[in-house]
Amino acid sequence: MDRKNQSPQGQTAKVVVEFLEVAINCIVFLKGFYPSRAFERRRYMNVVVNKARHPQLANYIHSSIFALLPYIQKGLAERVVVIFYGKDQVPLEKFVFKLTVDQSYQSSVSELELEFALRAFLVKLNSAETIAKPLPSGANWEITAYFRELPSQENDGEETKLWVPTDTKQWMQPSEITPIKSMDSNPLKLQLYMEHPSVTEQKV
Amino acid sequence: MSHSSGSSSRKRGRPSSKSGATNPHKPPFFKSSPFSDFGSYMTEKNRKLRDQFETDASSSSHGANPAIADGGVSGVDSQGIFKGVAIFVDGFTVPSSQELKNYMLKHGGKFVNYFSRHTVTHIICSNLPDSKRKNLRAFSHGLPVVKPDWIVDSIAANTLLSWVLYQLVEHAITETSKQLKLSAFFSEKGTSRSHHQGILIQNETSLPDKCKGESTELTLSGTDNFSQEKSQESKHIDTNDELKDVKSESEEDCSTSYVAGKSSDHLNRPHSTLTDLNFVENYFKYSRLHFIGTWRNRYRNRFSNFLSGTGSKNNNPNNDTENLRRIVMHIDMDCFFVSVVIRNFPDLLDKPVAVCHSNNPKGTAEISSANYPARSYGIKAGMFVRDAKARCPHLTIFPYDFSAYEEVADQFYSILHKHCEKVQAVSCDEAFLAVSLSLNDNPENIAEIIRKEIFETTRCTASAGIGENMLLARLATKSAKPNGQCFIPLDKVNEYLDKLPISALPGVGYNVEEKLRMKEVETCGQLRTISKDILQKDLGSKMGDMLWNYCRGIDHSVVEAVQETKSIGAEVNWGVRFKDSKDSENFLMNLCKEVSLRLHGCGVQGRTITLKVKVRKKGAGEPLKYMGCGDCETISRSLTVPGAINDVASLHRITKQTFASFHLDVKEVRGVGLKLSRLELANPSHKGVEEIRLELLFSSATRKGKQPVEQSCSTNHSREDAPSGACPSSSNAVSQGSNISELPPLSHIDLDVVRNLPPEIFLEMNGLYKGELRKILESQQQEKEYNSESVERKDCRQQDQEISTRMQCELEPSEASCSKSNYCKSDLMPGSLSQVDFSILENLPDEVRADILKQLPPHRVENQFPESSKSSLSLGSHSKWFEMLRVRNCLLSEFLLSSATFLTPNINPSSEEWDAIVVNLCEFMKEYIRQKIESDIEELYNCFRLLKRLSSNSSLLLELYDRTLPLLQASIGEHYGGKLHL
């Protein structure tokens with residue numbers, strides 16, 4: 001991206017993408033999906049975070065999130081979800097990042113302010129470990145992005161092809177939502193919450 | 001994976017099928033490429049080490065406890081006391097890491113070879129380098145850092161002890177000492193010692209003066225090691241005057257004489273802090289040590305022409321030849337204080353004689369000096385007179401004769417200066433000479449000449465020691481005494497030192513001797529066998545280094561003519577008894593005066609003020625020595641001020657503060673010392689700077705950003721405050737030297753300034769004006785309030801008709817506490833949050849309060865404005881609520897949290913008022929949900945969780961919760977396709 005005529009949206013998107021990568025690393029770590037030694041302690045925005053050490057894992061998170069950059073900038077990506085599945089491919093738990101990037105916002109972005117707000121997410125996330133129940137064996141996980149509209153292949157060329165439509169099974173009942181953190185700093189609104197199947201769903 | 005672990009087991013010769021079974025391998029994550037990089041290699045290595053360890057553990061516990069293992073009893077032992085503990089050993093430990101590993105093996109713990117935050121639970125180490133100590137968290141990653149004793153003791157106790165006591169770096173130390181002080185403060189108050197004081201006062205008239213100033217100690221200074229015993233120095237004090245005083249008093253009191261018909265028994269002279277207002281002054285007047293201490297100044301003045309460098313040269317004609325050899329000569333008068341006194345009584349020469357304040361044979365005055373015949377009876381300096389008399393009933397005791405001492409000391413030094421240009425004065429009767437010799441000169445001859453001359457002039461004998469350096473010269477003098485001389489040539493040094501007991505070395509006191517005795521080291525020869533490292537480890541680096549050098553006869557110190565004064569102070573350890581805090585304050589004032597005088601005398605100012613207080617040890621009885629300090633604990637505290645001071649007022653202010661900070665029961669105080677260090681030359685121009693600084697300080701404290709402070713007022717007020725000086729923000733600042741000036745008339749005081757003063761100062765001023773100030777302020781206040789109210793009323797009518805005036809008052813800045821508002825200015829923010837007075841915060845204008853609260857760490861915010869919330873519950877419309885939240889700059893959840901306990905208004909649930917409030921609140925809540933649903937469900941979540949929790953106490957909130965929850969869930973469902981999990 002050209003540095004000179006960076007739009008506030010572009011600027012924000014870059015920060016957000018970076019943040020998402022870190023946050024997803026943290027979530028995967030906190031869920032204990034992989035042995036903890038597969039992660040190393042790093043410092044991001046002055047917060048201790050855990051980053052995947054394994055090249056494949058790190059690459060998966062990095063590439064999928066960075067592929068979202070143009071969509072986030074355009075405000076197309078509505079939600080970025082980390083979904084943990086049980087054995088039967090039914091989602092057990094979702095970590096939802098709900099993004100809203102105000103396209104009409106034109107004044108400059110205070111990156112400092114933005115980082116300050118995002119840092120709170122990481123802190124909260126690290127302390128939200130207790131919310132997360134341990135996963136059963138044979139669990140699986142993926143990163144899913146929800147778009148406001150399907151990106152047209154003609155416009156965006158090759159990159160769009162990397163995305164495959166998801167066949168995630170839906171829950172039958174409305175989910176239970178546990179908010180973790182919200183922020184509202186122009187032009188970005190970001191909320192992180194967890195979704196669990198409702199109690200009745202689990203019985204069925 | 002399993003293959004590699006198997007091979008490792010084989011290597012150790014312990015094939016164990018059990019290890020595989022008991023240790024399910026964690027699913028290897030890096031299966032595809034175990035050694036793709038260093039990280040995965042280490043992971044694998046760590047795993048392997050762990051497997052090995054566990055194999056060892058199972059086999060060793062089998063070996064250790066076969067019965068249990070065979071019987072299959074999984075008792076406590078097979079679990080081990082260290083179950084769940086994984087240690088990482090850092091550096092050298094006793095017992096060694098290998099032993100520790102074995103302990104862990106036997107007792108069910110884990111031993112980790114490579115540190116990882118996630119596998120290790122405790123870090124074991126004995127020592128930490130300074131850098132790690134300073135940055136402990138970075139090193140330990142928050143894990144406990146524990147001494148190896150923890151493991152040893154735990155095994156001994158056969159249970160897992162708490163590691164807290166074994167922490168390597170104890171944060172507790174300071175805390176405990178603080179706690180001790182507190183508890184002492186509370187518990188000791190009751191145990192009064194008044195009976196003792198009663199006796200004391202009774203005795204005063206009957207007991208003659210004794211041992212005045214036995215334990216005076218003028219703070220020591222200078223660099224040289226040898227001067228420790230006697231180098232108590234203070235520069236000032238008009239010694240001449242003082243001595244005259246002594247003399248005249250002596251002559252007056254000739255009536256009840258002993259020995260020479262002279263007496264310094266000043267009957268009826270009060271001698272404790274209890275009765276004598278000028279105690280401090282008198283104390284130093286009669287002190288021998290004080291004489292020694294102040295003598296140096298006299299000496300410096302008198303011999304300044306010698307000291308300046310161009311001394312006489314008649315001693316050494318070969319001065320400019322090359323083949324010079326420097327030796328050090330140490331000359332010490334033999335029992336100076338005695339021999340000076342008895343030089344006029346030749347018949348007493350070989351009889352036991354001692355010098356002491358008092359001749360009372362039953363007294364507890366201390367012998368200050370005894371001659372050699374007396375010493376043969378076992379009489380030593382520091383002994384009580386009654387003990388000395390018991391040993392030698394015909395002991396003759398003389399009082400001090402300060403003028404004679406002075407005279408002899410002067411003669412002594414003029415002789416020394418005549419023979420040598422480089423003289424380092426240690427005390428009035430002891431000096432080092434740096435002598436340059438040509439090769440064929442015999443140093444002993446020179447010593448002979450000097451000693452002879454001293455004897456002829458003063459009729460007192462002196463001993464001399466000669467050596468290559470100051471240490472050897474000093475040691476030589478010891479063997480030369482009395483009235484002899486000793487030369488230790490270079491080749492005889494080792495021979496001499498071999499048999500020398502270590503206690504003879506300067507700087508070796510009881511403690512060091514005892515420590516070395518444990519190692520069976522008693523002579524320097526034995527000491528030489530110990531390596532420097534071990535000495536430094538046992539005795540500290542400085543001491544170890546020094547001893548290592550000394551036992552080899554090495555001493556690098558140089559004979560210096562002039563030594564710089566490093567600190568000036570005064571200390572009183574005798575006769576200190578306070579009845580109440582007034583006594584102590586009085587005493588401190590006098591002590592400050594004394595120190596200030598000394599500072600002025602030397603023309604210096606000090607920046608670091610050290611207050612030392614001796615407090616009676618718990619359980620210690622009345623000291624053996626009459627009015628002595630007895631068994632004491634010594635507390636000291638230093639304070640460094642930005643500008644050097646020497647005036648009484650600032651000294652007193654700081655001293656008083658420091659003294660108060662000890663929280664002592666003044667009745668238990670047995671000694672007080674005040675010392676100033678970091679000396680600077682006093683410069684009158686500094687004074688002005690200080691005053692300006694002070695002024696700035698005060699004006700910054702009074703500035704509120706709104707009204708500029710009038711110059712005249714600010715000076716007015718600073719003048720008033722400087723002497724009292726209780727203002728916390730300026731405690732370290734230097735106050736003016738001016739004493740309490742007259743109060744300006746009330747009408748001259750600018751009330752705006754007064755109102756903006758910090759509360760303490762205001763209270764103090766108010767006290768000075770006997771409460772008038774507050775009255776005036778209050779009356780002004782009411783006027784103001786009335787004004788502001790009416791103005792506001794107009795405003796709000798334009799905004800919102802519904803708002804009641806009552807609410808208005810609530811939300812308006814309440815001016816009443818303006819005088820206190822500056823207390824919370826950001827730069828004056830109290831260090832400890834516990835000091836924030838929330839009742840003050842409450843009364844602040846909203847925007848100011850919001851500012852302040854932003855600066856408070858979150859955990860304190862809970863307590864904010866408890867009062868106002870109660871009334872604001874009944875805020876008129878819901879829009880008013882938003883207004884309030886906006887003004888306070890906080891979220892509803894924060895507000896709920898802060899006012900949790902106050903949200904229970906005593907309104908009848910069935911009344912109309914109740915209904916109105918509920919409807920209003922519901923409206924507000926719905927609006928709030930609408931506002932936040934898109935952007936901040938976290939906040940809504942928090943609000944409702946809080947409401948739910950609080951609703952158990954408040955039927956109002958329950959109602960609110962029940963009414964608004966459906967809307968919330970519906971909105972969430974609409975926006976997020978789920979419902980909140982509350």
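Backbone N, Cα and C atoms are what each Cβ position is placed from, and that goes for glycine too.
Going by TrEMBL, these are the annotated features:
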REGION    B:1-37  region 'Disordered'
DOMAIN    B:77-168  domain 'BRCT'
REGION    B:211-250  region 'Disordered'
COMPBIAS  B:216-229  compositional bias 'Polar residues'
COMPBIAS  B:230-249  compositional bias 'Basic and acidic residues'
DOMAIN    B:328-509  domain 'UmuC'
BINDING   B:D332, B:D429, B:E430  Mg(2+) binding site
REGION    B:707-739  region 'Disordered'
COMPBIAS  B:727-739  compositional bias 'Polar residues'
So if I draw a 10 Å sphere around the Cβ of B:E430 (Mg(2+) binding site), how many other Cβ atoms end up inside it?
23
As a quick check of your reading of DSSP, tell me how many residues in the domain 'BRCT' (B:77-168) are helical, how many are strand and how many are coil.
36 helix, 13 strand, 43 coil
Position of peak Cβ density within 10 Å, selected from the binding-site residues B:D332, B:D429:
B:D429
Sorted by sequence, non-B:D332, B:D429, B:E430 residues with Cβ within 8 Å of centre, Mg(2+):
B:I331, B:M333, B:F336, B:V426, B:S427, B:C428, B:A431, B:A462
Over the domain 'BRCT' (B:77-168), what is the model's mean pLDDT?
80
